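Taking it in order: structure first as structure tokens, then the write-up.
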Amino acid sequence: MPPRCHPRATGRAAGRGLVRLTRRGAAPDDGRVDAADGGSPAGERVVGADADAGTVVVVALLAARDRFREFLPGALTDEPDALHQLRTSVRRLRSVLAAYGGLLDEAVVTGLRRRLRELGHELGTVRDLEVRVQVAEAAIADADEAGRFASEAELERIHGILVDDERVAHDRAHARFVERQDLPRAVERIEELDRVLAAPPFTERAARDAATELGEMLDREAERAGRRARRLPDDPSLDELHDLRKASRRLRYAAEALSEPPVALFGELAADLAEAGDDIHDVLGDHRDELLFAEHLRRAAAHAAHAGEPADVLRRLADDADARAAAHLSELPDAVRALRKAAKAWSAHRPD
């Protein structure tokens with residue numbers, strides 16, 4: 001039997017525009033958006049206090065899907081930052097499905113998340129090379145300013161290894177990514193997403209009050225990220241840091257989905273959750289980028305030594321990358337404290 005579609009889903013959720021939930025007694029500090037102040041701008045769509053949770057989440061998913069479509073052409077032609085934005089759109093879709101998937105048929109959500117995860121891996125292969133080039137360019141510029149290179153020839157040699165060769169690798173990876181997007185599997189996953197959003201297979205929970213149901217779900221996301229942070233040992237492993245980073249990223253997108261256009265369901269407290277999640281994600285992302293770059297430098301040094309070429313400068317650059325990674329990680333305690341503060345405020349004032 002096909003999953004049941006919510007009776008109010010087809011016409012309401014498929015529309016585009018701003019969804020504002022206004023409730024009697026809403027206060028500026030309770031995490032809810034207060035009453036609209038007279039009309040709505042052209043193109044916006046206002047949903048009143050009877051909005052259900054399913055409608056709001058599908059509109060948020062539609063917005064993420066539309067951003068995906070916006071950046072896909074540029075990503076395929078390798079326009080600046082387009083692939084990064086496309087990957088962010090995929091992560092946003094996955095995070096919203098993970099956080100609020102209980103409103104939709106479980107099997108459908110699982111299938112969509114699996115397909116989007118595959119796409120995320122494809123994008124990640126290309127994006128990691130983009131980031132490596134960016135980190136390398138910054139590291140070489142800093143080293144040059146510090147007088148680390150013995151000669152202009154050495155600078156050019158290192159630039160060739162760390163930037164020019166990696167750009168060639170990036171171009172090859174990007175070409176493979178473009179080819180994969182023409183495969184039936186790639187086309188089908190986007191068609192499946194469109195079908196689900198056109199006729200959402202809602203569960204009974206989707207008909208519940210949006211602020212109450214989604215507020216509880218967002219609370220669980222905040223607790224999930226907070227739990228990862230609390231369990232972090234004094235000397236965390238890379239896997240433990242990665243788990244915290246993923247939980248913080250998911251919290252960010254789950255909170256943004258309900259506190260930014262086109263969905264303005266919650267207010268400042270949800271935005272604070274998103275910012276706290278984003279800060280942890282950025283700190284740990286910068287830390288990871290430098291660690292991966294240090295590993296790459298040491299591999300390059302080994303290859304250079306094997307070929308009889310000077311490798312000391314590559315090893316020194318690797319040490320510099322390790323130092324930058326440690327500096328980024330030193331920012332984590334403050335970011336975790338901000339997350340705990342935001343989560344506590346949200347839990348105390350979220351809609352009941």
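Don't overthink the numbers, they just go from 1 along the chain as shown.
Cβ coordinates are placed from backbone N, Cα and C, and glycine is handled just like the others.
Which of 26-46, 152-172, 278-298 counts as region 'Disordered' depends on TrEMBL, and there it is 26-46.
Each residue of the region 'Disordered' (220-241) gets a DSSP state, and the totals for helix, strand and coil are 15 helix, 0 strand, 7 coil.
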